[in-house]
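Features reported for this protein in TrEMBL:
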BINDING   Cys89, His92, Cys162  Zn(2+) binding site
DOMAIN    20-197  domain 'GTP cyclohydrolase I'
Amino acid sequence: MTLEDVSAVAVAGDEHEACAHARRMMAALGFPLHEPGMADTPARLVKALRELAAGMREDPGRHLEITFPPESSDPGLIAVTNVPFISLCEHHLLPFTGTMTVAYAPAPGAPIVGLSKLARMAQGFAARPQVQERLGEQIVDALHSRLESLGAACHLSAEHFCMTLRGIRAAGAKMATLHLKGVFRTEPVMRENFFHLHSSGA
Ligand SMILES: Nc1nc2c(ncn2[C@@H]2O[C@H](COP(=O)(O)OP(=O)(O)OP(=O)(O)O)[C@@H](O)[C@H]2O)c(=O)[nH]1
Ligand SMILES: [Zn+2]
C-alpha cells in the first residue's frame, strides 16, 4: 500500500488530503502502517480529530436562541452543575476532560433559556482547539451578551491529558478555572449563591 492509498474507512470528501498527510506523518514516525490493524488508522485519526473539533464548524451561541417566557419577575440565579465536557488542548491536540458548572442571572422580564441549551452551548465551545481559560471566557461571554443577562458564571475543572499521560505525567492533577461576569463579579451574595450551588452539585 502506498502512502496515498485511500483507506477503507469512509471519510468525507474533503478529508482525503488530511488522510494522506496523516499517513505520511505516521509513517515518518515509524508506525507500522503495513500491519493489518493499522492500515486504516490514519483515516480513523482524521475522523476522530474532526469529531473532537466539531465545534469549529458551528456557532455554539445559537443554542441560546431557543427561549421561553419568564416564570417570575424575580428570576434569581439559574445554574446547571456537573455537566461533563471534552475539549482539545490547542497545544498538543490531546483531550482535556472534566465537569462544569454554568450559571446566569436573567434580567427581570427577559426570556429564559432551555436548560439543555446551557450544556449544548458550553459543549460546543469545548469542541474546539482550546485553552481552558478561553473556554470559560467564551461560555460566560455568550451567556452575558446573547441573553442580555445581568451576569454569568462558569467553573471548569478538568484533567489535561497532555499533563497527566505525557510530559510531567502528574496523574490526578486538575486545572480549575472560574469566570464571573456582571452581578457575579459585583455582588458578593450572587457569587456566594453560585459557589453554594456549585459545591452542593445541585
Ligand atoms: N494555561 C494553560 N496551559 C495549558 C493548557 N493546556 C495545556 N497547557 C500547557 O501548555 C504548555 C505548553 O508548553 P510547551 O513547553 O510549549 O510544550 P511542552 O514541551 O509539550 O511542555 P510540557 O507539557 O511541559 O512537556 C504546557 O505547560 C501545558 O501544560 C490550558 O488549557 N491552559
Ligand atoms: Zn496540551
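A Cβ is built for glycine as well, from the same backbone N, Cα and C atoms used for every other residue.
Secondary structure at His92 (Zn(2+) binding site), as computed by DSSP, is coil.
One way to see the shell of the Zn(2+) site is to take the Cβ centroid of Cys89, His92, Cys162; the remaining same-chain residues with a Cβ within 8 Å of it are Glu90, His91, Leu93, Leu94, Phe96, His160, Phe161, Met163. Listed in sequence order, the residues of the same chain lying 6 or more apart from Cys89 (Zn(2+) binding site) and placing their CB within less than 8 Å of its CB are Pro95, Phe96, Pro129, Gln130, Val131, His160, Phe161, Cys162.
Other Cβ atoms within 10 Å of the Cβ of His92 (Zn(2+) binding site), summed over all protein chains shown, number 15. Its Cβ taken as reference, Cys162 (Zn(2+) binding site) is surrounded by 16 other Cβ atoms within 10 Å in the chains shown.
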